[in-house]
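Single-structure report; data block below.
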2 protein chains.
Amino acid sequence: MSEIRYDVVTGKIAVISTERGKRPHDFKKTDVVKNDGPCPFCPGNENMTPPTLVEFCDEKGTWKLRGFNNKFAAFSKDTNSSMVEGDNELHNELHKANDGYGVAEIIVESNHHDKTLGQMEIDEIQNIIKALILRYDEIVKDKNIKYVQMFKNFGANGGASLEHGHWQIMAVTFIPEAVERELQGVEKYKNGKGTCPYCDIVNDELTEKTRVVAENDRFIVICPFASRFAYESWILPKEHKKAFNKIDSDDIKSLSSLLKYIINRYEDLFDYPPYNIVIHTLPHQDERDFHWHIEILPRLTTFAGFELATGAYINPTPPEQAASILRLD
Amino acid sequence: MSEIRYDVVTGKIAVISTERGKRPHDFKKTDVVKNDGPCPFCPGNENMTPPTLVEFCDEKGTWKLRGFNNKFAAFSKDTNSSMVEGDNELHNELHKANDGYGVAEIIVESNHHDKTLGQMEIDEIQNIIKALILRYDEIVKDKNIKYVQMFKNFGANGGASLEHGHWQIMAVTFIPEAVERELQGVEKYKNGKGTCPYCDIVNDELTEKTRVVAENDRFIVICPFASRFAYESWILPKEHKKAFNKIDSDDIKSLSSLLKYIINRYEDLFDYPPYNIVIHTLPHQDERDFHWHIEILPRLTTFAGFELATGAYINPTPPEQAASILRLD
């Protein structure tokens, strides 16, 4: 049997297998990123990348974290060409397009080629978050930018093309539909109940406890009720806060501690599985309400025809079971 | 540079890399489905599967195609349990769920373990389409069913867990959001222009020719303008037809011929790449207008953080280039 669950904010459907939840050893380990030749993200190879945009150094002046433009950018400010040539009204109606104006940057997490996020010290993770915020605040000075998407791909099945740990920042001239849907979901829920749905989720999960993985003074890690991915987790600020880039140094410390915890649990339980980390925050020019959060999406199963055809997801592990396994009781 | 393209029906965004389109040899071949033990889909192992629901036999009575319930079903009519226990109003509001009532069936394409769709004779492909329609018409007799999703997963990265070629049918009690979005897109476009957007696409592509891969009397294969996947193709009926299950025997023959053609091209150019085939048709209880079609989604790149965070897709190959390579001039 299975159960169809609806995300309270977006309405997105997750089909949760209730009969036999897949446990960590049920997932095959098939994921290796192998790069030939020198690593462009390693110290000494800085000339293989564009110039430094942000870096943190140790007392000897050696960089510990380094950010720069993505050499293979999906978005850039160099937008002088277009493939689309309209020749009549119908043609133009069918072929709506814009140039790919935007920003694509890389943050290299550390100067160690194969140190993982779960292996890092908390202050190293704090530096990553600080660097993301520094770049965010710089990037949004460009008024053409509507949204800054920050994310991390890990492992081949997570879409990482380089092994050396890194984050990506992509700034675009539109509000992505997944973010817009959450914004509208928050608005609709607030209009009905007068409260923020994410605040209600935090309070409900703290009461019920079955989907809580970890918590500290400022943040909570849960496996969301309508988890689309097996062992999916979210990190939410306990207090209602709209925007990731407005967090203070105590937030950064608390967040880093939980991020290390949850990634370390994945690494231990699934032997360094592929995953994506995505940050959802209020678009910086937006007046609406939001509750920023982080989604961690382990890539243990494959998107297949059903997901691509329908937009609904089949998840073989109930989040209650996932949380009980991810939790250190 | 890149270009942001909008699907005219759904508004979905594809970010098309215009700088250097990825050609077939740029994609790594990493995909193998390997099964241990006897194949449950091979002749002689019928006792490993649920009972036959549909089969076509040769003159000796040996089955050439066989359908049955999926043993590992995401949906079934046995819905007597629920994981969700509501204890107060807020809890219920946050935890909306239904049981996973529905149907999950398998159609085994042939009695050859490793014969691929592109290697089949056209009459074998006709049998697959006939079997899908037979099962469709049977399944929708249950008035609880709102949509029947038919699809094929091929290859490990396409989500296939068994190597032996097969299709899947999943019938559900909701209209999937991806289908609903297309239905609403058709309605909105018709309200504006008075025509069906898919009919306009067919006519525009036939005039412009740059994204046409193949055509015959009844169908056209194109690489859609806002292709989300590298080398994505769609098969559309040239005439406005709402529903897949209403096609006639000439349609089935024409469709089978083009389906063989395009899959064969993928197999030749990409050495049997992983892919998904999904059918989008009018929900059978729906009074709205639609133009049914097939989407073929090669899985040459990996969904990564950007796609999962935003709902927009980065596609490294312009569809014009993809069509010129898939086309046999």
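Residue positions begin at 1 at the first shown residue.
Cβ from N, Cα, C; glycine included.
Automatic prediction, not curation, is the source of TrEMBL annotations.
Here's what TrEMBL has on this protein:
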type	residues	note
DOMAIN	A:2-176	domain 'Galactose-1-phosphate uridyl transferase N-terminal'
BINDING	A:CYS39, A:CYS42, A:HIS113, A:HIS164	Zn(2+) binding site
ACT_SITE	A:HIS166	active site, tele-UMP-histidine intermediate
DOMAIN	A:185-295	domain 'Galactose-1-phosphate uridyl transferase C-terminal'
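The Zn(2+) site is set by A:CYS39, A:CYS42, A:HIS113, A:HIS164; from the centre of their CB atoms, other residues of the chain with a CB within 8 Å are A:PRO40, A:PHE41, A:ASN45, A:HIS112, A:ASP114, A:LEU162, A:GLU163. Spatially close to A:CYS42 (Zn(2+) binding site) yet at least six residues away along the chain are A:ASN111, A:HIS113, A:HIS164, judged by Cβ distances under 8 angstroms. When secondary structure is read from DSSP and collapsed to three states, A:HIS166 (active site, tele-UMP-histidine intermediate) falls in the strand class.
DSSP assigns A:HIS113 (Zn(2+) binding site) to coil in the three-state reduction, placing it in neither a helix nor a strand. Here A:CYS39 (Zn(2+) binding site) is positioned 12 angstrom away from A:HIS166 (active site, tele-UMP-histidine intermediate), judged by their C-alpha atoms. Sequence-distant contacts (6 or more apart, same chain, Cβ under 8 Å) of A:CYS39 (Zn(2+) binding site) comprise A:ASN45, A:HIS113, A:LEU162, A:GLU163, A:HIS164. Looking only at other Cβ atoms within 10 Å, the busiest spot among the recorded positions A:HIS113, A:HIS166 turns out to be A:HIS166.
The helix, strand and coil residue counts that DSSP assigns across the domain 'Galactose-1-phosphate uridyl transferase C-terminal' (A:185-295) are 46 helix, 22 strand, 43 coil. Cβ contacts within 10 Å of A:HIS164 (Zn(2+) binding site), excluding its own Cβ and spanning all protein chains shown: 21.
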